[in-house]
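Annotation source TrEMBL lists domain 'Thymidylate kinase-like' at 20-206. As annotated by TrEMBL, ATP binding site applies to GLY22, ILE23, ASP24, GLY25, ALA26, GLY27, LYS28, SER29.
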Amino acid sequence: MSQSCAAPDPALLAGRFITIEGIDGAGKSTQVERVAARWRAAGLEVVRTREPGGTPLAESLRELVLHRTMDTLTETLLVFAARRDHLREVVEPALARGAVVLCDRFTDATFAYQGGGRGFDLAVLAQLEHWVQQGRQPDLTFWFDLAPEIAARRRAAARAPDRFESEDIAFFTAVRQGYALRFDATPQRVARIDAECTPEAVAAQIDAALEARGW
Ligand SMILES: Nc1ncnc2c1ncn2[C@@H]1O[C@H](COP(=O)(O)OP(=O)(O)OP(=O)(O)O)[C@@H](O)[C@H]1O
Ligand SMILES: Cc1cn([C@H]2C[C@H](O)[C@@H](COP(=O)(O)O)O2)c(=O)[nH]c1=O
């Protein structure tokens, strides 16, 4: 069962950029509103957003990336173009006015999907990350980690697949490995969540990670 935790200190949270990552079907969407509600109850403005997406332009690019056939360089440039617009129009202004930004996926997804899954050059991704983000990085990332076979069963029960969700287990195994590399590179930024357990147990892990930071 999820345990109740101490009320977060708004002063510690204002202007924080929090991202949520994991392979498709990891259970991110199931948890994200609960976290937002916790912070809203503490009096904070919470901006819930997602990538690719979050602005009209970036949502248009999302439709292309999720549903149109394209090569990996095109796919990579489109997710970074969407990210640039999203950062300028939504994320940076929200952080500047002291909101908490809770974003479903960010650049770790590019390293995992385009880098790990598609095999795109990680050094080029790092350059694009630098150009597009100008140093902006999440303050905390929840990485929902689980076996691709379990995620595939959850997706099959939930919805019709898009272009990524139609990929096979080998692709998602490589994506998971891409996430693991990012986790290993910045373990202080990333909280690994065991996403194979019940929603209540997942929520308890999230609360523990937040409580450890006083958030
Ligand atoms: N801990 C859990 N145990 C079992 N099933 C779960 C759990 N969490 C979520 N689910 C179910 O798995 C399916 C996928 O969950 P959800 O949509 O939250 O995943 P997601 O990570 O947001 O996926 P995507 O990134 O592809 O949008 C849903 O049917 C949801 O009810
Ligand atoms: C940010 C980002 C996302 N993707 C992929 C990962 C998912 O399959 C979709 C988004 O769908 P969701 O239901 O909103 O999770 O896009 C990617 O390949 N690269 C990225 O940078």
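A Cβ is built for glycine as well, from the same backbone N, Cα and C atoms used for every other residue.
Remember, TrEMBL labels are computer predictions, not curated facts.
On a predicted model such as this, the values are computed, not experimentally measured, just so you know.
Overlay of TrEMBL feature records on the structure.
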residue: GLY22; record: ATP binding site; Cβ contacts under 8 Å, 6 or more apart: LYS28, TRP143, PHE144, ASP145, LEU146, TYR179, ILE193, ALA195
residue: ILE23; record: ATP binding site; Cβ contacts under 8 Å, 6 or more apart: ALA112, LEU146, PRO148, ALA151, PHE172, VAL175, ARG176, TYR179
residue: ASP24; record: ATP binding site; Cβ contacts under 8 Å, 6 or more apart: ALA151, ARG155, PHE164, GLU165, PHE172
residue: GLY25; record: ATP binding site; Cβ contacts under 8 Å, 6 or more apart: ILE150, ALA151, ALA152, ARG154, ARG155, ALA158, GLU165
residue: ALA26; record: ATP binding site; Cβ contacts under 8 Å, 6 or more apart: PHE144, ASP145, LEU146, ALA151, ALA195
residue: GLY27; record: ATP binding site; Cβ contacts under 8 Å, 6 or more apart: PHE144, LEU146, ARG154, ALA195, PRO199, VAL202
residue: SER29; record: ATP binding site; Cβ contacts under 8 Å, 6 or more apart: ASP104
Neighbourhood of ligand 2 - binding-site residues from ILE23, GLY25, ALA26, GLY27, LYS28, SER29 with Cβ under 6 Å: none
Mean of pLDDT values spanning the domain 'Thymidylate kinase-like' (20-206): 97
Residues flanking the ATP site, with Cβ no more than 8 Å from the Cβ centroid of GLY22, ILE23, ASP24, GLY25, ALA26, GLY27, LYS28, SER29 and excluding those residues themselves: PHE144, LEU146, ALA151, ARG154, ALA195
